[in-house]
Amino acid sequence: MAKKYFGTDGIRGAVNSKNINGDMFFKFGLATGTYFKTQKKKKQIAIIAKDTRLSGYSLEPALVSGLTSAGMHVYTLGPLPTNGLAMLTKSMKANMGIMITASHNPYHDNGLKLFGPDGLKLSNKIEKKIETLIDQKIEKSLSKPKKLGRVKRLETANKDYIKILKNNLPKDFNLRGLRIVIDCANGAGYKAGPELLKSLGAKVFSIGINPNGLNINKNCGSTFPNKIRLAVKRYKAHIGISLDGDADRIIMCDEKGIVIDGDQIIAAIAMRWKRKKMLKGGVVGTLMSNYGLEKFFKLHNIKFLRSNVGDRFVKEKMQKNNFNLGGEQSGHIILGKFATTGDGLLVALEVLFSLRKGKKASSFFNTFNKTPQILENIDVKDKNIIKNIDIKNSIKLAEKLIKGQGRILVRSSGTESKIRVMGESDNIKLLQKCLKIVLRKIK
């Protein structure tokens, strides 16, 4: 049975719409609190972090109210990268962690990402159980007055997160001599990002660090890489780091101003880990990973598997196959040895490990030639139109025409009202012809 509230990465939508409003966030809090209370712990604890959206100020109190009404004690952490929340959920031995964010989306959207006590995103099975609790009568979940939860603010969350990141580094690790540009997307990483790099001795040029509630991801961050590209050239930096709104994605830029996507970052890290005998099993990508990446790994005898789109599915396939590296072209990259979910700053440190020894970013990222890829995102009112027989037939025809020379992938977004149509081939004319066949049926 399809889920009612949860998508591919938590719950997301327009603020004050059907699911993203104070009333629903109270219900989400009450339902998740009720579910996690079943764990046999002496103290029932939930921790909440958020990005910098204006709507966070109205949604967070509603969520807290629901959790405390279920008898959960709550720590609010303020703006913090998503993986910072995942790490602190585990280190604080909390029952759960909840991130209020809509990731790379504009300010007018918001949502929730939920983590269990192990720092992992919730499984489909648990999400369905929570959905059942959301829809039941409220009286069944309310705690008695003397069993209501309490709320505390944790002011040290960003420092605690940075400390955990640095604990993974050698004691003598430093970035002295490196000039680094970081774009924090006016989002959750605006404090931790620059502070981490400066504490390691780098000369840091920070942009996207002045959030006003409305400018998160606006012409900045990982979905707008031109900003970091221009900044790297302006400041003559060795490398550029571009995060998204909740800092779980990273796109980079080398010293020449060339933008490096998630596939290229994964390839470079995989090769370094293989040389150091750190790579375990192989690498997990997604349906959207470039075909050139697949060919590159085959050439270097590295096993490569594809999962559905979404870093949760990447992590699940990594766990199932005992791999320790995986990620998405969009910049969600999971370093399984150190983290349970994507973390832009953690990935940046892994890359900077090589640069601090004098290697140029352009050399580090010189791995594979990408197969030309065209991606179209079409806004639609109903994502189910993808099941239309005419659209299905157009996809079959396009796949037949391009077979052996590339691939066509058509999928609905799990977080937005969009249909994504992607094609890859070295034969550009054929690729454009095949995409046109599909697009004219959808549009």
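Quick reminder: no glycine exception, Cβ is built from N, Cα and C everywhere.
Model, not experiment: these values are computed from the prediction.
For the Mg(2+) site, Swiss-Prot gives Asp244, Asp246, Asp248; the one candidate out of Ser103, Ser123, Ser363 that the record lists there too is Ser103. Using a 10 Å radius centred on the Cβ of Asp246 (Mg(2+) binding site) and all shown protein chains, the other Cβ atoms total 35. In sequence order, Asp51, Pro81, Thr82, Thr101, His104, Gly187, Ala188, Leu243, Gly245, Ala247, Arg249, Gly342, Gly344 are the residues of the same chain, not among Ser103, Asp244, Asp246, Asp248, whose CB sits within 8 A of the CB centroid for the Mg(2+) site. Taking the Cα atom of each, Asp248 (Mg(2+) binding site) and Ser103 (active site, phosphoserine intermediate) are about 8 angstrom apart. A sphere of 10 angstroms centred on the C-beta of Asp244 (Mg(2+) binding site) encloses 34 other C-beta atoms.
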